[in-house]
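Colleague: Below are the features I grabbed from Swiss-Prot:
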- 1-20: signal peptide (SIGNAL)
- 367: N-linked glycosylation site (CARBOHYD)
- 423-606: domain 'VWFD' (DOMAIN)
- 425-565: disulfide bond (DISULFID)
- 703: N-linked glycosylation site (CARBOHYD)
- 968: N-linked glycosylation site (CARBOHYD)
- 1177-1216: domain 'EGF-like 1' (DOMAIN)
- 1206-1215: disulfide bond (DISULFID)
- 1268-1288: region 'Disordered' (REGION)
- 1268-1280: compositional bias 'Basic and acidic residues' (COMPBIAS)
- 1294-1326: domain 'EGF-like 2' (DOMAIN)
- 1298-1308: disulfide bond (DISULFID)
- 1302-1314: disulfide bond (DISULFID)
- 1316-1325: disulfide bond (DISULFID)
- 1358-1390: domain 'EGF-like 3' (DOMAIN)
- 1362-1372: disulfide bond (DISULFID)
- 1366-1378: disulfide bond (DISULFID)
- 1422-1454: domain 'EGF-like 4' (DOMAIN)
- 1430-1442: disulfide bond (DISULFID)
- 1455-1486: domain 'EGF-like 5' (DOMAIN)
- 1518-1550: domain 'EGF-like 6' (DOMAIN)
- 1522-1532: disulfide bond (DISULFID)
- 1540-1549: disulfide bond (DISULFID)
- 1551-1582: domain 'EGF-like 7' (DOMAIN)
- 1554-1564: disulfide bond (DISULFID)
- 1558-1570: disulfide bond (DISULFID)
């Protein structure tokens, strides 16, 4: 070949080499920083702009090309001085021995070196660190395969000279530095167009086709085509060559020479047929991938719940064997798997919507795609701080009968999952709230609040807080919550009841079928957790006082939360925010404004109304699709994702962790898949039964009998299936008392706030689903006035508890608990904050039992920390993880009384409870009685006494021992004990029934004139070992005041009487003798006679009473008694036949025409008498023509007005008009017969009418005959009783016609003969006929229509009507009289008689109800009302006037009196009890105190001011001082003593530690980083090398 042609070919080959993948424009990245130049001195960067230093430790591995200000550059091959190339340690390319740079198109593996010079050293080390670098010569430039550096180092670049930037042209060759153009005769043909590789189907076989465009030329050309593929080592392997005159080539995809998954290339060169050795440069095609591609939407995702699609496509057609079954669809099935990189125990962090996809056969390929499908993937929300992780999605080997497809494994892809924080919020006990970001504050307010609201999705939690029994300070506790996620709404509530009595109930108000919700119980129901599909959960730790809540926020809510739990953005400073998310101004009480901001108005919370939520669209379920389920730990070993494999599609599994390290019992089905969606927790179900539930789950795996363990059954319990038992015991408390709470809300709610009242007991039925949907109740705390109460608690407490003793108890209870000791490394400072909460709880409530409430927080926090980080740091924590898991499963390690199983404690015989701490052999302990043991028989049913304590067990043998105490002389003596019925509520509360005569007053003993009944109570679980005794006092609140404020005794009230052992309030009358009354000022022990009794008073009578002869005269006397006594009427004198009823109704049948005098006597119950005489005038009855007189009801009785009732044929006011006159010849052809005021007609025989009565609503047929023709006429008669008449003329020629009209009441029946129409009679048919007859002198005006006289009504006038009508439910009687209901009198029952004497200006509304004036209440308005109520035991004497006990004064007895007065600003809290100002203590508060106390020998020199010894500082002298600052993360733990990390040592932690040690004189310059001497390298400098320097 001539030299010129050779040069041309080489030049064209350079072009081909430049087409390597890394040489292509998208195959590499650029490093353009001018600082990388070897000539750039980086000293000034270190002095002024450290952030601009070149540090390639975070450089992504890949191919790079260097540019300096857009000028081509390459790595230098000579040693570069330190502090050049924009960095401290520049990296250059070292060519050792005979190494050279790669020639064009070649790639070489070379070594790069970093230059470094140690401090105080005079020589530099050009190759202190070595990094492998691959170099590819792309012709005009070079690219480098670079790796990230170990530290802050930088790769150098050197600009290419101008001479090298302008090589000779493609048709030129370099000769002596000059470019000489070649001769035209030796030029090769122009190259072909870039080939393209495609797959096509030819006769059921797959072929790769390489085709290209042919350049235009004058000569005949041929083509040389070469096939190659890229090996797994990224090296091209030639497959075959072909010389052809066709512009394409075919190569079969046979699975042997060419397989699926190959990356295929073809190249084509052109040659002249006349001169075959002259060829063009070979042009290579783009890479063609034959097989399946997995193309993710994003390769880097976050744990934020978002979903992404994965496109799976095939670049080759899907074909099926001709021998395959005809009914099978032609497809290729792929099974997907996910493999997480890194340590196996991290668990999976990627989930797929399906582990199985199908690629179906298509008719053709388009845009390089022959078939495709989709599957969704998402990050697993694992609630772990596992950092950013990478997972592979791989495809299992394809199983197919076609050799081409069988065992083909498509390339996997990598998905990087970025970790997103999750957080927990705690609201415990008082409650103390710890926000998502860790800020701690107290919310002592009551009401309903927004606890947690997501701005990124439909999720919200409302919490209710009630007053929880602090005797001295206004504190609150959680009593329930409602949580909503989308369409799922769950309520867990115990607010509708009284403190320590109410039981929590849980129900699902709404459910979204597209989501999964889970409800679980742990520790025998002490923990209840609601899990939502997003991963959020709400856990309630139950107590008799309410519940503590733990809320978990998933990563999807990061930076998207509002409410009392804060903003969840890892910045606690902005947790106090308003409803718009804006931070509330910083001030001393900004938390108060923050709490008020999130308080919900009454009736607006989800507890009161069902929120409107849009049903979320259906989302795909996800599977783990893990590679090997056995390779991952089970749920007990902290795996957060289920390992079940779904064959076709994912159904129920989630991409969110819903597992717990604390053993749990899934009880979801009890609330979702049952007719009743509510079950009361811990009510009527003992812990033993819950334990039985757990055992039932494990019975098929564990033989508990062989272990000698107690399955905790009792006689009677094993008869029922435990779960069925729970299902049958579904009650709720509060429904039955709803109406009472609405009526007596003020008094009822004070029962919750005042511990000293005895709460009522009610029985409540089960609730239906309809009840649950409408279940709302009145929550008084929502309506209470929001008043910020400042209080200053101080030590010691009123009961004498000191701060030191309380702190010791809290530390022992919490820090020394099993969870506190074993999980200390994880709890850290959280343990200290929980101990502080414990101390504050005891201080505020003065009750040591609250010390245990914080253990639940430690359990939840420990579980959280282990889930977040513990299981990923097994090297650091060692075997302590296993110990912690054991104590989470088995609290207190089963107290040494049982064996720890996977599901919890299996207690030994005679022990029970979730931690086996309760012993059956141990007698229970009574701590107190309901309402401190006092019960007022006037207010409550004292038959049942609520007993609070510890160790109660629901056993058939549980019983109460009740002993009546008899007062003998000066002491109480016990009587015979009685064993009574016991109602078990839970392990801390039972009800004891007292004997049936407990409320009979004759059972009370007079103690100095004070009637009191005392009973001693004991409780036993087994009937043998009884608890300590407690005394309950039954008293009559009408006469006595009992309670704590009366020094545990009772005192008799003023203004009461004690008569015959019974108690009466002043003004009470003798039940059998109304004239005897209680007058304590006259006699407290006998009845007093009702003095100054006034006689009854008759109300004003009518001026004149009249009646008429023959009237049944009735008149009602009305009177009242000033004292409210009953009145009795008697007739003293009057006419014969007259009488008066005891109620005052006078009756007389008037049979005389003379005026009569009547005398009536009125007597009250005390025989006071009043006489009244009335005169009645009798008028005559002036009705004529036999008419009779009746009373006119339009006038009141006694007016004497009457009406006349006339006989037929007469009318007029006095019946004076005769209406019986006849018309001329009224009978026509018949003969006229006259009668008394009437007439009749005697018809000829031929016109006589046969009358037959028929039933009502029949058809009346009249047959008329004329000219031998019969005509039938039918008519309906529905208004009267029909008659069927047959008029039978004797002659067929007769024609009937009436000359004169018959009138409206008659009809023509024969020639000139009219007869009465049906329903009418009389000579002129003027009298209508009514059947039945009209009563009470009613008049028949139309057939069967009566016109009634005044005072009567109805169809036949048989109903009495009174005018005016009777009032107040009175019944009308004959004679326009009213009979009145109880409590009303008068002619129209218009006067009410009040049976109660309404006092203090009250008015009688109904006979038994008084309407009181403001400030008074009670049945007779005798009790004054003080608002606000009298405090500190004060009694309400008059409206808003309190009578204070000794030691208190003020309008509401709110001020205490201390003598001597409190010093130094101390506050008088109650009688002679001072509360010290902060910083002082002592009897006179003369001592200053430091709280917390000074540490490390510091002295308290002022309130909370410490004087620290040398070497210590800080407010508490708790901060050590190191004069020489600790370096490299060391911590100053004592004066001038540093605690160093494991990789540093020395006084100031300034000396690094290399393990293993550096060899051959190497020096340790960083932890585990050696600086080797010249000619040595390696991690430990263990390798000896030769360095060639240039």
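First residue shown is number 1, and so on along the chain.
Cβ coordinates come from backbone N, Cα and C, glycine included.
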Colleague: Out of 1215, 1372, 1378, the disulfide-bonded residues in the record, which is closest to residue 1308 (disulfide bond) when you go by Cα distance?
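Modeller: For residue 1308 (disulfide bond), the closest Cα among 1215, 1372, 1378 is found at 1215.
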Colleague: Using other CB atoms within 10 angstroms as the count, which residue among the disulfide-bonded residues 425, 1522 scores least?
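Modeller: Looking at the disulfide-bonded residues 425, 1522, the Cβ with the fewest others within 10 Å is that of 1522.
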Colleague: Could you check which of the disulfide-bonded residues 1372, 1532, 1558 is the closest Cα neighbour of residue 1366 (disulfide bond)?
Modeller: 1372
Colleague: Pick the one among the disulfide-bonded residues 565, 1316, 1378 whose Cβ has the fewest other Cβ atoms within 10 Å in this structure.
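Modeller: Comparing Cβ neighbours within 10 Å for the disulfide-bonded residues 565, 1316, 1378, 1316 has the fewest.
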Colleague: Can you name the far-off residues of the same chain, 6+ from the ends of the domain 'EGF-like 1' (1177-1216), with a Cβ under 8 Å from a Cβ of it?
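Modeller: Residues 1102, 1104-1111, 1113-1116, 1150, 1152-1156, 1237-1238, 1327, 1337, 1349-1351, 1361-1363, 1375-1377, 1387 contact the domain 'EGF-like 1' (1177-1216) from elsewhere in the chain.
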Colleague: Looking at the disulfide-bonded residues listed here (1522, 1554, 1564), whose Cα lies nearest to that of residue 1430 (disulfide bond)?
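Modeller: Result: the closest of the disulfide-bonded residues to residue 1430 (disulfide bond) is 1522.
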Colleague: For the domain 'EGF-like 2' (1294-1326), what are the DSSP-based totals of helix, strand and coil residues?
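Modeller: Helix/strand/coil tally for the domain 'EGF-like 2' (1294-1326): 0 helix, 11 strand, 22 coil.
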Colleague: Which of these recorded positions is closest to residue 1554 (disulfide bond) if you go by CA atoms: 968, 1206, 1298, 1302, 1362?
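Modeller: Sorting the recorded positions by distance from residue 1554 (disulfide bond), the top entry is 968.
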Colleague: Spatially, which candidate from the recorded positions 367, 1549, 1558 is nearest to residue 1564 (disulfide bond), comparing Cα atoms?
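Modeller: The answer is 1558.
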Colleague: What same-chain residues lie close to the domain 'EGF-like 6' (1518-1550): Cβ under 8 Å, and 6 or more beyond its ends?
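Modeller: Hits for the domain 'EGF-like 6' (1518-1550): 1495-1496, 1510-1512, 1567-1568.
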Colleague: If you compare CA-to-CA distances from residue 1215 (disulfide bond) to each of the recorded positions 968, 1302, 1325, 1532, which comes out shortest?
Modeller: 1325
Colleague: Under 8 Å Cβ-Cβ from residue 1442 (disulfide bond), six or more apart in the same chain: what's there?
Modeller: 1426, 1430, 1431, 1434, 1435, 1436, 1451, 1452, 1453
Colleague: Report, in whole Å, the straight Cα-to-Cα distance of residue 1532 (disulfide bond) from residue 1540 (disulfide bond).
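Modeller: A Cα-Cα distance of 9 Å.
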Colleague: Which residue, out of the disulfide-bonded residues 1298, 1372, 1430, shows the minimum number of other Cβ atoms inside 10 Å of its Cβ in this structure?
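Modeller: If we count Cβ atoms within 10 Å for the disulfide-bonded residues 1298, 1372, 1430, the smallest count is at 1298.
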Colleague: Show me the subset of 425, 565, 968, 1206, 1298, 1302 whose Cα is within 10 Å of residue 1316 (disulfide bond); these are the recorded positions I mean.
Modeller: 1302
Colleague: How many of the residues that make up the domain 'EGF-like 3' (1358-1390) does DSSP mark as helix, as strand and as coil?
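Modeller: Summed over the domain 'EGF-like 3' (1358-1390), the classes give 0 helix, 10 strand, 23 coil.
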Colleague: Between residue 1570 (disulfide bond) and residue 1549 (disulfide bond), how many Å separate their Cα atoms?
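Modeller: Computed Cα spacing between residue 1570 (disulfide bond) and residue 1549 (disulfide bond) is 18 Å.
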Colleague: Going by Cα-Cα distance, pick out whichever of the disulfide-bonded residues 1325, 1362, 1532 is nearest to residue 1558 (disulfide bond).
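Modeller: Closest recorded candidate to residue 1558 (disulfide bond) by Cα: 1532.
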Colleague: Hey, of 367, 1206, 1522, 1549, which of those recorded positions are within 10 Å of residue 1298 (disulfide bond), Cα to Cα?
Modeller: none
Colleague: Within the domain 'EGF-like 1' (1177-1216), count helix residues (DSSP H, G, I), strand residues (E, B) and coil residues, in that order.
Modeller: 0 helix, 14 strand, 26 coil
Colleague: Counting all other Cβ atoms within 10 Å across every protein chain shown, which of the glycosylation sites 367, 968 scores highest?
Modeller: 968
Colleague: As a test of the contact definition, list every same-chain residue at least 6 positions from residue 1325 (disulfide bond) whose Cβ is closer than 8 Å to its Cβ.
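Modeller: Result: 1303, 1305, 1306, 1314, 1315, 1316, 1317.
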Colleague: Cα within 10 Å of residue 1362 (disulfide bond) is the criterion; apply it to the recorded positions 367, 425, 968, 1302, 1378, 1532 and give the hits in sequence order.
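Modeller: Within 10 Å of residue 1362 (disulfide bond): 1378.
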